[in-house]
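Taken from TrEMBL as is:
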type	residues	note
DOMAIN	39-285	domain 'G-protein coupled receptors family 1 profile'
TRANSMEM	20-45	transmembrane segment
TRANSMEM	57-80	transmembrane segment
TRANSMEM	100-118	transmembrane segment
TRANSMEM	139-162	transmembrane segment
TRANSMEM	191-223	transmembrane segment
TRANSMEM	235-257	transmembrane segment
TRANSMEM	269-287	transmembrane segment
Amino acid sequence: MAMTHNVTEFIFLGLSPNQLVQKVCFVIFLLLYVAIVLGNFLIVLTVMSSRSLGSPMYFFLSYLSFAEICYASTTAPRLISDLLAERKAISLWGCMSQLFFIHLFGGTEIFLLTLMAYDRYVAICKPLNYTTIMNRQACAFLVGAAWVGGFVHSLAQILLVFRLPFCGPNVIDHYFCDVLPLLKLACSDTFLVGLLIVANGGTLSVISFVALLASYVVILLHLRTRSSEGRRKALSTCGSHITVVTLFFGPCVFIYLRPSTTLSADKMVAVFYTVITPLLNPVIYSLRNAEVKKAMKRLWIRAMKLEER
């Protein structure tokens, strides 16, 4: 398909045309974004500085929090600045760049969440071989593979979208560049491209989600032979991850595993997975995990002592 890019920029309609609503949203999303960056950075700093959080689970968690910061940063700053702008324009190349990085960090998160489920499976079902299987070199390789997987997924998405001809109109009924709103603007038949995008994005989400569910089914079956105290301790380490997985995969499946059409609810669902989920992740992992809370407390005490000096 020949590339025809008569359109050099796109115009976002944003969340709401109401000026008062936009000003209120500006304050809310600015505070949420600051909380996302600080909360996830605190988890990264806590894991890196605490010896008690040296297990693979927290190693993966630190990279997940880093990916959350990057993921939110691809949409939130632009959304916040556009809420005060009269004309919400983005160049064609800026739009494609935003699309690429959204799917890079989003795809990496999916793979990291899957790795965290595999880590829990090995820890609970193969405890004697855990340190051998999940050694430092293996964990580093798996994290690298997650980033490569996110890159391949994103590259496939951007190649499919970039080859579409954009002749006009150029108004996107959204607050960031994503595949489904852009398909709506293409001046050609996008049925096949839409199927390929669903196969790439939607299938990735479903396969990863099924793999996650399968790993936890195996874990639950294995826990039947444990004592009640053993089951409680094992489930407590999995509870935070299950909650995050549900919050992340639910909206992704809703958006990407359906025909290439846009719905009125898409923007609200997008706000949930681009802003709310990255905000909730550090809250969930810190409030539900005693080890993380203790490590954060030690980090705080250490910081206070340094200030006193």
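Just so it is clear, glycine is given a Cβ too, placed from its N, Cα and C backbone atoms.
TrEMBL annotations: computationally assigned, not manually curated.
Within the same chain, residues 14-15, 26, 29-30, 32-33, 36-37, 40-41, 43-44, 47-48, 90, 98, 101-102, 105-106, 108-109, 112-113, 115-116, 119-120, 123, 139, 143, 146, 175-176, 237, 274-275, 278, 281-282, 285, 291-292 sit at least 6 positions outside the transmembrane segment (57-80) and bring their C-beta atoms closer than 8 Å to a C-beta of that stretch.
Across 20-45, 100-118, 191-223, stretch 20-45 shows the highest tally of CB pairs under 8 A with the transmembrane segment (269-287). Within the model, the domain 'G-protein coupled receptors family 1 profile' (39-285) shows a mean pLDDT value of 85, rounded to a whole number.
Nonlocal intrachain contacts for the transmembrane segment (20-45), taken as residues 6+ away from its ends with a CB within less than 8 angstroms of a stretch CB, comprise 14, 61-62, 65-66, 68-69, 72-73, 76-77, 79-80, 83-84, 275-276, 278-279, 281-283, 285-286, 292, 296, 299.
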